[in-house]
């Protein structure tokens with residue numbers, strides 16, 4: 001079930017809310033049971049066959065977590081932790097990577113092993129990571145709450161179930177245990193619906209429209225695109241993913257707030273980042289947090305010298321890339337980001353020793369642009385169906401297929417057309433309208449992404465999400481800041497209406513596939 | 001907030017039904033507001049089905065974009081015979097779509113008794129193995145259901161279409177569909193004035209080249225069975241024969257540029273074989289006493305050899321073609337006139353005693369064009385050498 005579907009908005013969500021607040025009057029556990037049941041129904045709507053897998057994973061991890069916590073500090077707990085994590089990783093590995101290994105082995109060893117054709121259970125990456133964090137926290141003695149229904153709710157809570165954010169036990173359980181959340185509150189509804197409306201608009205009014213222009217360039221059958229077409233495709237995907245993921249994250253936070261529960265922030269204007277490390281503190285923040293706490297730091301982090309630190313960074317990013325998908329293009333994407341992070345560290349160290357400084361304003365713009373361009377290049381590998389296609393697009397972006405503009409556009413340029421011809425920019429027939437629309441969407445998207453406040457900044461007075469640990473700042477006192485007043489209600493109502501009016505198109509969240 | 005949302009959605013719905021851009025609600029067509037309807041890029045089958053049911057015409061025109069753009073149901077040849085016609089043709093569709101439309105019309109007791117059915121050579125190409133025709137008889141006709149309302153009335157798409165309708169009323173060259181389903185392609189006129197008709201010919205020829213060369217060069221699947229399109233054409237003829245309708249199968253008037261490219265790409269013989277195939281399908285019906293004719297307008301004739309304007313010429317408007325595959329109403333009118341009795345025009349009615357000679361002659365004429373220097377030959381050579 002998608003958040004941007006009629007059934008979800010008109011049937012599932014109202015019934016879930018109504019049942020939650022009515023049954024919540026009979027006790028917290030009754031309300032929690034209802035919400036967990038709704039969440040399981042939400043998951044089963046996609047494919048009921050995988051409900052058993054989800055419940056099995058929950059039961060095993062719950063028992064393992066309880067055992068680990070009750071033997072905290074003992075060797076038994078450590079052994080149980082290792083076994084439980086291995087079981088989770090194996091489960092994820094089987095569903096996500098089995099066919100990848102088979103096809104890679106066939107390619108390398110020239111064997112002919114049949115692929116298994118495993119269907120990836122939706123959300124498996126998220127509920128597996130959530131539970132690995134729970135196991136580690138149980139071992140570290142951070143887990144305090146052990147009611148099974150609350151645990152089921154923690155894992156299956158539908159606003160986050162299929163595409164994140166990756167949750168921590170300690171930040172969710174107190175909220176599920178808070179009796180005040182079982183009563184409907186107008187403030188939560190106003191804030192939650194506003195955030196949801198903004199997220200819905202990002203998804204259906206911007207991201208879905210951008211997909212039309214991004215997809216053709218990434219077709220495996222497409223030939224090497226010329227310069228402007230390649231950049232057009234890469235940039236439209238860059239913004240499509242941004243608004244898709246940002247929209248989803250807002251919707252999850254907004255929906256959760258309707259139930260009185262605040263989710264962790266997952267997205268904080270990442271394209272405004274001044275360097276790649278900041279980008280990762282702003283993009284998919286809960287995944288970055290997970291990878292830092294449960295992979296990078298256990299690997300040794302920065303505690304064993306510069307070389308080891310760089311190896312740890314690269315390892316973390318490559319595994320983070322493979323987490324997004326079983327394919328060499330995801331590994332390259334991770335490798336690129338690992339490389340960017342290493343370069344960033346060296347660059348910072350060089351800058352510290354260099355007396356020359358650009359004026360802060362120019363340095364800021366330059367660093368944001370450079371970071372953004374690096375991210376765009378890496379997204380090409382992330383989006384392309386295979387490495388060969390990604391390489392073709394990168395070659396196109398580098399100008400290997402030349403540069404050309406639509407003939408219909410060139411003929412309207414008058415004397416400038418000759419100047420373009422002189423610098424090697426040719427013309428091609430057809431595609432004028434698509435070219436024009438592509439770049440209009442890119443400009444509009446860029447203006448929104450770079451110049452407008454994000455949802456958290458708009459709603460900041462009302463603490464829409466859990467406190468942010470990333471230490472990345474927010475813009476303060478923006479005039480678009482939301483206030484619970486009639487004018488804001490009308491604007492958001494209008495935005496919500498536009499979102500609902502755009503629901504009829506078939507659509508998919510990009511992050512559902514991870 | 002929710003009140004604003006609800007009011008906005010209701011207002012949008014009322015506005016869209018009032019403007020009725022798809023023309024399916026029988027809302028009044030008000031001059032200056034909603035009289036001219038925009039060309040629909042969605043729900044195209046429904047738009048045509050709704051109008052056709054309303055008109056219940058004598059003649060039905062079926063096919064792809066060539067028929068939609070080329071065959072005007074208000075052609076003089078039809079009018080002088082007192083026939084009312086409707087153009088059901090939909091761009092990019094094959095004979096399976098025509099078959100579905102015919103079944104819907106039959107179920108609604110509106111099946112025309114005279115049919116013009118355009119058939120497309122390129123639709124017949126390819127196929128890996130035979131598949132049974134989809135069970136179209138159980139496909140329900142489109143209707144005003146919840147899904148339609150959600151997609152077209154309570155939707156951004158509906159608002160876009162309604163606003164387009166308002167703007168269209170003042171447009172000199174509106175992209176529109178007439179009440180009888182004809183697409184006059186007025187909006188191509190400024191295109192020609194901006195870029196020149198050469199660009200349209202060249203662009204389409206390059207697209208055609210890419211499309212054709214990706215198709216396997218055979219008319220029937222590898223297992224020797226019957227292709228989807230052949231099955232669909234047979235099913236159409238069976239249905240029409242049972243209803244007692246008369247069918248005129250039309251092989252479209254391709255511009256000589258397309259014929260020369262077909263020949264150059266080694267498909268000339270296949271093209272002749274295809275005509276024989278279409279003729280054989282029709283013959284099989286005729287042997288059972290059913291009324292089916294096959295007309296071939298694809299031959300080289302003055303009408304189909306019109307010179308392509310040179311690059312940069314933005315003034316010349318061809319009389320008969322937009323580009324090599326899509327002919328204008330003016331040529332379509334000649335085709336309809338010929339089919340309905342005018343002996344003076346081009347086009348050949350395929351019969352048992354003329355088909356062999358005609359196919360031989362037709363191919364010789366194309367081959368002759370390929371050996372005689374001309375600007376058209378230069379252009380064809382240029383397109384093929386570019387790839």
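Glycine is no exception: its Cβ is also placed from the backbone N, Cα and C atoms.
Per TrEMBL, the stretch carrying the note transmembrane segment among A:115-136, A:225-246 is A:115-136. Range annotated as transmembrane segment by TrEMBL, chosen from A:6-23, A:24-41: A:6-23. Counting residues 6+ beyond its ends, the transmembrane segment (A:363-382) has Cβ neighbours under 8 Å at 234-235, 237-238, 241, 270-276, 278-279, 324, 329-330, 332-333, 336-337, 340, 357, 390, 393-394, 397, 450 in the same chain. For the transmembrane segment (A:428-451), same-chain residues at least 6 beyond its ends with a Cβ under 8 Å from one of its own Cβ atoms are 206, 209-210, 213, 226, 228-229, 232, 235-236, 239, 242-243, 269, 271-272, 368, 404-409.
Here the transmembrane segment (A:322-343) has long-range neighbours at 96-97, 99-100, 104, 125, 276-277, 280, 287, 310, 313-316, 374, 377-379, 381-382, 384-387, 390, 513-514, meaning same-chain residues at least 6 beyond its ends whose C-beta is under 8 angstroms from one of its own. When each of the listed stretches A:6-23, A:52-70, A:188-205 is scored by C-beta pairs under 8 angstroms to the transmembrane segment (A:115-136), A:52-70 comes out highest. Using a Cβ-Cβ cut-off under 8 Å and counting only residues 6 or more beyond its ends in the same chain, the transmembrane segment (A:52-70) has close neighbours at 40, 43, 76-77, 80-81, 83-84, 87-88, 91, 121, 124, 127-128, 131, 134-135, 138-139, 141, 143, 146, 148, 151-152, 155-156. Long-range contacts of the transmembrane segment (A:148-168) within the same chain: residues 16, 29, 32-33, 35-36, 38-40, 42-43, 46, 54, 57-58, 61-62, 65, 122-123, 126-127, 129-131, 133-134, 137, 176-177, 248-249, 251-253, 255-256, 259, 261, 263-266, 284-287, 289-290, 509, 511-512, 514, each at least 6 residues beyond the stretch ends and with a Cβ under 8 Å from a Cβ of the stretch.
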